[in-house]
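For reference, the structure discussed in these notes is given below.
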């Protein structure tokens with residue numbers, strides 16, 4: 001009986017997840033195993049095609065922003081005659097730039113007939129939905145009040161006559177949002193809005209799905225009891241739906257019947273899943289990240305105890321020799337790779353290797369720590385006069401054991417940074433974006449400098465790490481800040497991986513291995529530039545230190 005109940009619960013859970021699982025062209029979340037030739041094609045497209053698409057899209061946005069700026073002094077009726085058709089053209093051009101070469105709108109035979117609609121209701125599949133709607137009907141949206149002040153987007157949203165609301169307010173002010181939507185739809189249906197007001201587009205599902213299902217509708221778009229224009233993103237435009245008296249009196253009934261009509265025309269499946277189910281699904285997806293962070297934190301005391309409380313105080317490093325030092329580094333780093341497959345929870349073990357967070361985290365850190373030793377250590381040699389004098393196997397003038405040791409303690413630093421940055425976010429909350437950015441910046445700066453200072457202080461007790469005579473205090477202060485540059489860059493960039501800060505608005509999309517590699521290399525490039533700027537400012541010596 002217990003197995004049957006567990007099986008039934010698992011099936012129900014799978015059914016509630018189904019609307020949010022995206023099996024895209026390149027596998028779930030774009031993380032399928034791709035042929036080598038296809039990877040090569042994608043790499044070439046990223047180099048030779050992606051920049052043109054990005055520039056073309058920005059050019060469309062900039063030109064339309066310019067149109068809006070020049071049209072703003074005109075009377076509303078004349079302004080609308082310019083910004084609406086130009087807005088449709090700009091959005092269609094932007095869609096072309098990003099790859100939507102052909103967009104076909106299929107009209108139901110009865111579309112365009114019947115009374116005037118009070119607004120547009122549509123299912124919601126992705127961020128591209130907004131551009132597609134704007135290229136066809138150029139509707140208005142419900143937007144945060146801060147949107148009006150954003151660069152570029154602000155004046156465009158004003159030209160679209162967006163309905164601005166403060167989503168962070170609760171109580172009576174929150175009820176006022178529904179009243180504003182209801183009033184706007186009533187005015188639109190009665191023809192009282194004027195040419196400068198665009199019809200309001202609402203996504204009654206309240207979140208995105210994978211397009212194969214249609215989520216239950218919320219009632220906000222149906223409170224006014226006026227006709228609505230359903231549009232199904234597959235993409236079909238349907239006849240205006242005119243509510244009967246029972247539907248006017250019951251927004252829930254109205255919402256359900258419009259949803260049934262849209263499902264019939266689109267072929268999408270029915271589901272009981274809601275926004276809350278999506279959040280539970282996304283939380284499940286993120287469990288693997290929390291587990292890896294806890295593993296890194298739990299394992300770190302093992303090597304810290306061995307190195308700081310046994311190896312260094314008792315001077316066991318004396319007489320280790322080249323292979324002895326190599327063994328010390330391997331002993332610290334290998335468990336970070338070998339233990340997770342043995343200890344990982346079931347929700348992680350059931351995934352392909354390339355999708356497991358501990359694999360991606362280790363690859364990110366391995367690249368970053370390798371470049372740190374191979375390249376950046378030479379900045380310490382040149383700028384601070386530092387040197388390692390113990391006998392060991394070397395790679396580019398740096399003891400190979402340090403490549404392994406660095407991986408172990410970078411795993412600790414970045415796991416701790418993830419936990420603290422996330423804590424700062426949760427304490428501030430989403431209500432104050434600027435305050436949240438400030439809180440994260442403070443956490444990154446304090447943790448980066450304190451980590452660098454603590455490591456510098458620790459390594460100073462190792463007799464085979466030397467620096468310029470009389471510069472011990474400078475090594476603690478300036479050297480720590482120099483070292484902290486690594487983490488000013490890496491902490492926030494590593495935190496982004498699989499964190500999905502926009503999960504409330506769009507489907508979670510974990511990093512692919514390719515993106516992990518590119519992201520880590522991007523962090524390496526930025527750190528290299530910052531270190532070299534410092535070197536030039538301090539020493540003014542030409543040439544790169546690791547090539548000297």
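Each residue, glycine too, has its Cβ placed from N, Cα and C.
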Margin query: Need the matching range: TrEMBL marks transmembrane segment on one of 257-278, 433-454, and I'd like to know which.
Written below: 433-454
Check: Which one of 363-381, 382-400, 496-514 shows up in TrEMBL as transmembrane segment?
Finding: 363-381
Check: Which is it, of 6-26, 27-47, 48-68, that TrEMBL names as transmembrane segment?
Finding: 48-68
Notebook entry, point to check: Looking at 233-253, 401-421, which one is transmembrane segment according to TrEMBL?
Noted result: 401-421
Next item on the list: Tally the residues of the domain 'Phospholipid/glycerol acyltransferase' (120-236) by DSSP class, grouping H, G and I as helix, E and B as strand, and everything else as coil.
Entry: 43 helix, 21 strand, 53 coil
Next item on the list: Verify whether three or more Cβ pairs under 8 angstroms connect the transmembrane segment (323-343) with the transmembrane segment (516-537), leaving out any pair fewer than 6 apart in sequence.
Entry: no
Next item on the list: Go through the chain and flag residues at least 6 beyond the ends of the transmembrane segment (401-421) whose CB is under 8 A from any CB in it; none is fine as an answer.
Entry: 289, 292-294, 296-297, 299-300, 303-304, 325-326, 328-330, 332-334, 336, 361-362, 365-366, 368-370, 372-374, 377, 388, 392-393, 395, 440, 443-444, 447, 451, 455, 487, 490-492, 494-495, 499
Item checked: Spatial neighbours of the transmembrane segment (323-343) far in sequence, C-beta under 8 Å, 6+ residues away -> 292, 295-296, 299, 302-303, 306-307, 311, 317, 356, 358, 362, 390-393, 399-405, 407-408, 411
Next item on the list: Kindly state the mean pLDDT of the domain 'Phospholipid/glycerol acyltransferase' (120-236) in the predicted structure.
Entry: 80
Notebook entry, point to check: Mind checking which residues reach the transmembrane segment (433-454)? Cβ under 8 Å, same chain, six or more beyond either end.
Noted result: 413, 416-417, 420-421, 424-425, 427, 476, 480-481, 483-484, 486-488, 491-492
